[in-house]
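Undergrad: Structure provided below as C-alpha cells; questions to follow.
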Amino acid sequence: MIGKINKFNFKSLLVLNTFALIATSYLFNNFIFIGVFILFFFLSLFATKNGLEIIRKLNLLQNIRTEGPSNHFQKSNTPTMGGVFLMIPFFILLLIITINLSSLKLFLLLLTIFGFYITGFLDDYLSIKNKENTGLKTKEKFILQSVISIIFILLAYEKNLINPLVILSDSWVINMNIFILPISFLVLVGISNSVNLTDGLDGLAAGCSGIVFYGLGTEILMKEQQELFVFSILCFSMSGLCLGFLKYNSYPAKIFMGDTGSLSIGATLGTIALLTNSVFTLSIFSGIFIIESLSVIIQVGVFKITKKLFHRGKRIFLMAPLHHHFELKGVKEQKIVENFWKINILLIILGIVLKIKL
C-alpha cells in the first residue's frame, strides 16, 4: 500500500497538472484555460486510441537499435508514429485561430511546426520502411530542420515578430541585436532535437512536454499582454494533448510518438517561446530536455577528443542520452521517468518564482 501511495505515475501527474491549471484559471480569472486543457486531453485520448488501431492495421511498428540497452528489445514492434494523430487536434485549432485572427505570427507558427511535423514523418516512415531505427540520415534531418528554421527566423525578424531584447527583469534587459538570429536558430533546432533525444523511455518526453507547456502558458499569461493571450491557449491545449497521449505512452507503452511527435512538440515550444519573448524562461522549464541533449554532446565530444589524444575513446556516461546511463546503472525505467517528471515540476516552479521575483 505504501509503495502505491509513493508512486508518482500518469494519474498523479494528470491530477497535479489539472489542479495547477484550475489555480491558474482562478488567479487570472478566466476558466477557459482549464476548459481548453480538459477538452484537448479528451481529444488526445480519442485521437490516440483511434490512431493506434490504424497504426496496427498498417503495421507501423518500432524498430529498436541494437546498440541500445538490452531491456529495450522487448519494445520492438510497438506501434509508432503516434505523433501523427497527437498533433491533428492542435493543427485544426491553430488553423481556425489563424484564419479568424488573420495573424502573421500564427501563420508562421503553423508553417514552422508543420515543417518539423513533415520532417519527423519522413524520418519515421523511412525507418519503418527500411526496418531500421533511423530513417533520414542525421545530415538530411539537420538540413531540413535548418531550412525550415531559417525561413521562419528571417521572416519573423523582418516583420519584427522576434524581439531582440531579452528581458530578464524590469531593470535587466539585454539587447541581442543581430545575434538574436543565431540564438533563435539554436533555440528552435536545439529544443526540437532535445525533445527527440528525451523520447527514449516510456512516457518521458510526453510527460515532460505536458509539464513544460503548462509552465510556458502560465509564464506568457504573467506578461499581461492581450495579444499574447492566444499563445497561452495554444500551450494549455498542447499540455492536454501530451498528457492524453501519455495515457497510452506511459509504461508499458502501447504506442510511441516517433519523430513526428517529438520534433513537432519541440518546434512548438521553441517557436512559441521566440514569438512571445519567453526564451529565457523556456531554458529553465526545459532543463530536462537540455540536460538530455548536453549529455549526448558531452559523450560524443569527450570520446572524439580522447580518441584523438590517446588513441582510445573514453566515455563520461555508460550510455547517452542521460536516461540510458541510469538504466545501465540498474535504475528501473519507471523510476527514472518519475524522477525526471518531478525535477521538471521543480523547474517550472523555479522559473515562475524567478519570473515573479525578477
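Note that Cβ sites are derived from N, Cα and C of the backbone, with glycine treated the same way.
For reference, Swiss-Prot lists these features for the protein:
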TRANSMEM  27-47  transmembrane segment
TRANSMEM  81-101  transmembrane segment
TRANSMEM  106-126  transmembrane segment
TRANSMEM  147-167  transmembrane segment
TRANSMEM  171-191  transmembrane segment
TRANSMEM  201-221  transmembrane segment
TRANSMEM  228-248  transmembrane segment
TRANSMEM  255-275  transmembrane segment
TRANSMEM  278-298  transmembrane segment
TRANSMEM  336-356  transmembrane segment
Undergrad: So which of 81-101, 106-126, 201-221, 278-298, 336-356 is most in touch with the transmembrane segment (171-191), counting Cβ pairs under 8 Å?
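TA: Looking only at 81-101, 106-126, 201-221, 278-298, 336-356, the most contacts with the transmembrane segment (171-191) come from 278-298.
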Undergrad: Count, for each of 27-47, 106-126, 147-167, 201-221, 278-298, the Cβ pairs lying under 8 Å from the transmembrane segment (336-356), and report the range with the highest count.
TA: 201-221
Undergrad: I need to check the long-range neighbours of the transmembrane segment (27-47): which residues 6 or more away from its ends have a CB within less than 8 Å of a CB in the stretch?
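TA: Residues packing against the transmembrane segment (27-47) from afar: 14, 17-18, 21, 85-86, 88-90, 93, 217, 221, 232-233, 236-245, 247.
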Undergrad: With pairs 6 or more apart in sequence, are the transmembrane segment (228-248) and the transmembrane segment (147-167) linked by at least 3 Cβ pairs under 8 Å?
TA: no
Undergrad: What stretch, picked from 81-101, 106-126, 147-167, 201-221, has the most CB pairs under 8 A with the transmembrane segment (278-298)?
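TA: Looking at each of 81-101, 106-126, 147-167, 201-221 in turn, the most contacts to the transmembrane segment (278-298) are made by 201-221.
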Undergrad: Under 8 Å between C-beta atoms and at least six residues away from its ends: which parts of the chain pack against the transmembrane segment (201-221)?
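TA: 10, 13, 17, 20-21, 24, 28, 33, 75, 195, 228-229, 231-236, 238-240, 242-243, 245-246, 249-253, 257, 261-262, 265, 269, 272-273, 276, 278, 281-282, 285-286, 288-289, 323, 327, 333-334, 336-337, 340-341, 344-345, 347-348, 351-352, 355.
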